[in-house]
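Peer 1: Would you mind keeping the following structure in view while I ask a few things?
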Protein chains: 2
Amino acid sequence: MDIEKTKEYFRQMLRRKDFMALKEEMSKLAVQDVAEILNQMDEKESLLAFRLLPKDKAAEVFSYLSDKIRTAFSQMIEEDELKSLVEDLFFDDKIDFLEEMPANVVKKILQRTPESERRLINQFLQYPEHSAGSIMTIEFVDLKTDMTVEQALCHIRYTAPKKETIYTCYVIDQQRHLLGAISLKDLVLADPSSKIEDLMDKNIITVRTDDDQEYVASLFKKYDLLSMPVVDRENRLVGIITIDDVVDVLEEENTEDIQKMGGISPSEESYLSQSPITMAKNRLLWLIALMVSATFTGRIIQKYEDLLQTMVILAAFIPMLMDTGGNAGSQSSTMVIRGLALGEIRTRDAFKVVAKEFMVSIIAGISLAGLNFIRLIAIEKVSTSIALVVSITLIAVVVMAKVVGGLLPLLAKIVKIDPAIMASPLITTIVDAMALVAYFNIAKLFLKI
Amino acid sequence: MDIEKTKEYFRQMLRRKDFMALKEEMSKLAVQDVAEILNQMDEKESLLAFRLLPKDKAAEVFSYLSDKIRTAFSQMIEEDELKSLVEDLFFDDKIDFLEEMPANVVKKILQRTPESERRLINQFLQYPEHSAGSIMTIEFVDLKTDMTVEQALCHIRYTAPKKETIYTCYVIDQQRHLLGAISLKDLVLADPSSKIEDLMDKNIITVRTDDDQEYVASLFKKYDLLSMPVVDRENRLVGIITIDDVVDVLEEENTEDIQKMGGISPSEESYLSQSPITMAKNRLLWLIALMVSATFTGRIIQKYEDLLQTMVILAAFIPMLMDTGGNAGSQSSTMVIRGLALGEIRTRDAFKVVAKEFMVSIIAGISLAGLNFIRLIAIEKVSTSIALVVSITLIAVVVMAKVVGGLLPLLAKIVKIDPAIMASPLITTIVDAMALVAYFNIAKLFLKI
């Protein structure tokens with residue numbers, strides 16, 4: 001499907017006031033595609049098209065609209081219409097919406113919500129960001145142990161339209177304690193007269209409302225789950241998390257890691273919707289920190305000013321040594337940061353990591369130095385002693401860079417700092433300083449200055 | 001659950017030959033946890049425990065074992081046992097297993113497989129790596145248009161045990177052309193006598209066998225799917241892809257991007273299982289390329305040797321300027337690479353990206369330069385003219401770095417190179433050279449040397 005063409009078609013239909021044709025076209029599209037087009041249209045046009053959607057599809061489309069368009073809608077439409085729209089949303093989408101809206105809109109909606117639901121909404125709004133509680137929903141199927149399969153299926157049929165998933169059902173007692181789970185597949189396959197108690201799986205993986213969403217995602221990955229129950233401290237079932245939300249969490253966490261590794265304070269907004277001022281703010285902190293720390297390397301150069309003055313040629317190789325060190329170090333830190341994020345490396349593997357990085361750095365360092373020596377002699381035509389100094393420094397730099405690059409993310413993890421921070425920008429600055437000290441000392445030693 | 005403790009318990013039971021207790025313990029664990037423990041045990045112990053698993057659980061555990069353990073098993077057990085084990089695997093797991101095994105094992109298994117299945121296996125083994133065909137399975141439920149809901153449910157009940165998912169069923173005609181899809185939820189909710197034809201969803205999202213898995217994953221993310229049909233050129237249904245495999249693809253693609261961004265040739269093996277030689281090989285290519293290109297910066301310094309000799313103090317700020325430029329540039333390229341990967345930025349947004357990066361770089365550059373000027377005067381006590389030269393260069397470097405960092409990934413995308421390559425290491429090298437040229441020229445201009 002071509003979004004651009006369909007958007008153009010939407011506009012034409014609106015201009016011609018051919019609402020029937022537009023309605024027809026929208027009924028053929030997936031809700032996500034309708035939302036994508038409405039997001040890109042003018043707010044008034046967008047609302048006009050949105051109002052043509054049937055009630056059930058409208059709620060679904062609404063949950064995929066951008067915050068910008070949703071805020072615009074909620075300021076353009078009447079309170080009654082807004083209320084009935086919000087009522088049709090799934091509970092987790094409702095919470096998402098309320099979290100993003102300005103306070104006056106939230107107040108307007110909550111005022112007209114019945115007391116019991118209002119209390120529940122307020123409870124959900126209080127779950128910390130990135131916690132299991134903040135991504136769960138309450139629309140699950142709950143069964144009782146003494147139901148038969150037939151009764152359970154009947155209960156599911158009756159309640160299904162309001163549930164986000166019916167493919168895993170949860171078994172609870174009178175006090176809502178979680179006792180087990182059963183898949184719709186097993187229910188469909190079972191003898192209708194058998195008891196839920198005998199069929200349910202009692203070994204279920206659960207999370208707490210305050211568990212981190214990254215931990216939740218790792219369990220979904222490991223156990224190939226479609227949904228997972230969330231319980232409180234007393235093991236009472238309070239909600240479920242579904243795989244579609246976990247996929248979003250995974251991408252969000254990956255984006256966060258990548259941004260941190262690039263020396264940027266993470267942001268959940270998309271690139272094009274961030275203002276230049278916010279972007280500059282998210283990047284300045286690291287730039288300033290790294291600029292200030294980079295001045296140490298300047299101090300080192302100043303300290304060896306006399307050496308440089310007698311052999312200016314040495315300055316020519318500073319960028320190459322610094323860059324190669326920075327690259328070698330960031331390769332190692334990248335591998336270790338990712339290994340830690342995927343759970344492939346644990347802190348107790350620190351020794352193995354250092355040993356491995358040392359081995360790799362010896363192989364890589366000697367190969368690079370050899371190649372570099374030939375290049376310096378044959379192409380750059382420098383003296384053998386200079387070529388030797390540069391090449392020996394290169395080995396030392398690669399070894400230091402890789403060991404430090406491998407070790408720092410692990411140390412970060414041990415002291416409970418996010419390892420993603422120990423990526424390229426920071427490693428580069430640290431390795432630069434070490435490379436310069438090594439370079440000047442090796443030069444002094446070999447050139448006898 | 002504590003894997004370490006459970007592993008110890010497994011070992012004790014094996015030593016005491018208390019197989020009943022071990023069997024009991026394994027029946028309580030999830031298949032993924034059993035596999036994790038078996039992966040970490042000695043091969044013989046591992047096989048001993050594996051053989052205690054009931055037939056259906058054994059196949060599931062087998063699909064989660066590491067390639068190392070699976071190869072060991074297939075060399076230790078008899079042909080008959082291996083064949084019956086492989087028979088019990090889901091089709092996609094079977095293909096995965098055969099792809100990883102040495103040729104003699106594959107031959108052994110295929111020899112004893114019936115002709116029709118052998119042909120199918122060979123076809124699947126030929127789908128290119130990372131294609132939709134390589135991650136699909138054939139265990140789906142197919143329905144016919146003229147079935148009633150009751151007949152469909154009956155068909156599902158009969159075939160379900162052998163299917164990977166029954167939650168989305170696909171409707172095909174006699175020639176296996178895909179006509180529609182229907183969820184088990186809709187089937188459970190529908191009137192038993194209604195026809196599949198009237199209930200099925202005809203607007204379905206499909207992929208081709210040769211589509212890239214990254215594209216498949218992006219569709220799952222966008223449309224919140226649990227499974228997706230794969231069709232051939234004639235729109236005949238050949239397989240389905242399920243969400244659990246897509247979650248793995250997402251993580252794999254993210255790992256690949258992160259490795260490329262760190263200047264490493266991507267590898268699918270985990271960090272700890274790669275040999276130092278492979279690791280050195282995966283990293284050397286980029287290190288050599290970047291070392292050679294970094295020598296251009298050396299040339300630039302050599303060119304301005306006279307200038308440096310008269311003002312050695314200038315050398316002291318080279319690392320700071322180079323590092324800040326590198327960091328500023330890699331921030332921009334990181335943001336744009338990720339935006340492209342998530343589909344938030346498209347190539348036609350190039351102008352918007354450059355304009356945004358320019359704005360951000362002006363704000364960031366001036367702030368940094370101001371801060372740096374104060375620091376140079378107040379702390380480093382350099383002359384005003386030097387502080388001015390360094391600070392003006394800083395603005396120029398940040399602007400160049402951010403514009404180049406934002407633009408290069410987009411250019412890569414346009415000429416169909418993976419944008420992830422245009423990350424930190426490459427940007428750093430390019431920006432370094434530009435920073436030096438700017439620095440020396442600004443110095444010449446202002447210091448009138």
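Glycine is no exception: its Cβ is also placed from the backbone N, Cα and C atoms.
All annotation found in TrEMBL is predicted automatically rather than curated by experts.
According to TrEMBL, the protein carries these features:
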type     : residues  : note
DOMAIN   : B:136-199 : domain 'CBS'
DOMAIN   : B:200-256 : domain 'CBS'
TRANSMEM : B:284-301 : transmembrane segment
TRANSMEM : B:358-379 : transmembrane segment
TRANSMEM : B:385-408 : transmembrane segment
TRANSMEM : B:420-442 : transmembrane segment
Peer 1: Taking DSSP states H, G and I as helix and E and B as strand, how many residues of the domain 'CBS' (B:136-199) are helix, strand and coil?
Peer 2: 24 helix, 17 strand, 23 coil
Peer 1: Within the domain 'CBS' (B:200-256), count helix residues (DSSP H, G, I), strand residues (E, B) and coil residues, in that order.
Peer 2: 25 helix, 16 strand, 16 coil
Peer 1: What residues elsewhere in the chain lie close to the transmembrane segment (B:284-301), defined as a C-beta under 8 angstroms and at least 6 residues from its ends?
Peer 2: 263-265, 308, 318, 322, 425-426, 429, 432-433, 436-437, 440
Peer 1: Go through the chain and flag residues at least 6 beyond the ends of the transmembrane segment (B:358-379) whose CB is under 8 A from any CB in it; none is fine as an answer.
Peer 2: 324, 328, 332, 386-388, 390-392, 394-399, 401-403
Peer 1: To what whole number does the mean pLDDT across the domain 'CBS' (B:136-199) round?
Peer 2: 92
